[in-house]
Amino acid sequence: MAPITFRKSYTIVPAEPTWSGRFPLAEWDQVGTITHIPTLYFYDKPSESFQGNVVEILKTSLSRVLVHFYPMAGRLRWLPRGRFELNCNAEGVEFIEAESEGKLSDFKDFSPTPEFENLMPQVNYKNPIETIPLFLAQVTKFKCGGISLSVNVSHAIVDGQSALHLISEWGRLARGEPLETVPFLDRKILWAGEPLPPFVSPPKFDHKEFDQPPFLIGETDNVEERKKKTIVVMLPLSTSQLQKLRSKANGSKHSDPAKGFTRYETVTGHVWRCACKARGHSPEQPTALGICIDTRSRMEPPLPRGYFGNATLDVVAASTSGELISNELGFAASLISKAIKNVTNEYVMIGIEYLKNQKDLKKFQDLHALGSTEGPFYGNPNLGVVSWLTLPMYGLDFGWGKEFYTGPGTHDFDGDSLILPDQNEDGSVILATCLQVAHMEAFKKHFYEDI
């Protein structure tokens, strides 16, 4: 890829004074991935009227949207017991302007590659957490006239739904339109910094997501697996291929005839089985699948529209490789479906109560860079599959038209997978998955041959 020249870095602060003070975070904000999640948008050459002022439009509208989403302009601050809070101090977000001698056509199919790194603002997690911006953006102008925009958002502050809420409102303000949905900022609705109200706890506590994922048989840790070289691929599934998979899953004895399996349950079950085959596990190898659930509509009452924060939790489906491979697709899909159905209002409250009672939350946090031997790891023999199927991820328009491609920036941890809706919105999907290089060819073979 052609070299990139970084022209200038700006600190963007809210355009008007905003509330300042210490902002308690909910338990779901403080566990799991608390690093930044990058998303990339690619645009064709803007029309002549936008040629000289793309950067200014982005900066000005970003400053304005931060007035409404002011927590994003603050900084995290560590507290005792592995907790942290948000210091709403309006220190601002980072905006980088860069140029490339390359062309957008150099990226071919836009699969995440190491070349994407220079298009994304980098975060040094060795710096004190109090100094790290929670939102970073980089606009890169290419020689062909096209541009890329990378947005890197702290997962300690928001989940994907909330991040895209902010980004879409940024686009609306840039186009001269009013805010569509005012963010709901009060995290006390999830008892942030407060005790839970009394509730009846079911007799069985089964939050497997707080347990250590299985190791390979014969291993006592995952240190060696973390070191192995990985590769990311984007694998499309057409609507007809999806229909074949769903027919397979729903035709099994494990299916509920009244409901059937969802796209996510079906595709994720297929991915899980294919990964077990590709990795060459022994039949008795335990394997866990991490599933990310949006709890907004599962709470009683549901969280308010525009809730701005983390409202997702991870649940786990578990089996052995032998069970998954010897049984039909419907078996894997049924394990996933059952894990998802377990997420009720009571389940969420039990999880919050459990975390509130922990002496230290650090063991549940992932603030570690690629190559680290610390933090949660859902690589071999495990997987984590996240759905972006219902996220409003397409159509980000700042005035010069919608992007022609958007997708994840990087996804370099073994076992990490995303299921994305295809950009043509015809019901087809794309699997973005990262596996060890040694396993990928076999995985791709099974992924398509087993449909």
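Here, residue 1 is simply the first one shown, and the rest follow in order.
Each Cβ is built from the backbone N, Cα and C atoms, and glycine gets one as well.
The spermidine binding site annotation in Swiss-Prot covers THR33, HIS155, ASP314 and rests on experimental evidence. In the three-state DSSP reading, ASP314 (spermidine binding site) counts as strand. Neighbour count (other Cβ atoms within 10 Å of the Cβ, all protein chains): 22 for ASP314 (spermidine binding site).
Sequence-distant neighbours of HIS155 (spermidine binding site) (same chain, 6+ residues apart, CB-CB distance under 8 A): GLY32, THR33, ILE34, THR35, HIS36, ILE37, ASN310. Feature annotation from Swiss-Prot assigns active site, proton acceptor to HIS155 (among others).
Taken from Swiss-Prot, the feature CoA binding site covers GLY160, THR262, ARG263, ASP294, ARG298, SER387. Summarising the environment of THR262 (CoA binding site), the number of other Cβ atoms within 10 Å of its Cβ, over all protein chains shown, is 17. In the three-state DSSP reading, THR262 (CoA binding site) counts as coil.
All protein chains included, ASP397 (active site, proton acceptor) registers 15 other Cβ atoms within 10 Å of its own Cβ. Feature annotation from Swiss-Prot assigns active site, proton acceptor to ASP397 (among others).
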Intrachain C-beta neighbours of ARG298 (CoA binding site), sequence separation six or more, cut-off 8 angstroms: VAL343, THR344, ASN345, VAL348
Additional residues surrounding spermidine, by Cβ distance to the THR33, HIS155, ASP314 centre under 8 Å: VAL31, GLY32, ILE34, ASP159, CYS292, ASN310, THR312, ASP366
Neighbour tally for ARG263 (CoA binding site), based on other Cβ positions within 10 Å of its Cβ: 17
Chain-internal residues near GLY160 (CoA binding site), provided their CB is under 8 angstroms and they sit 6+ positions away: ILE37, THR312, TRP388, LEU391
Site diameter for spermidine, Å, by largest Cα distance between THR33, HIS155, ASP314: 14
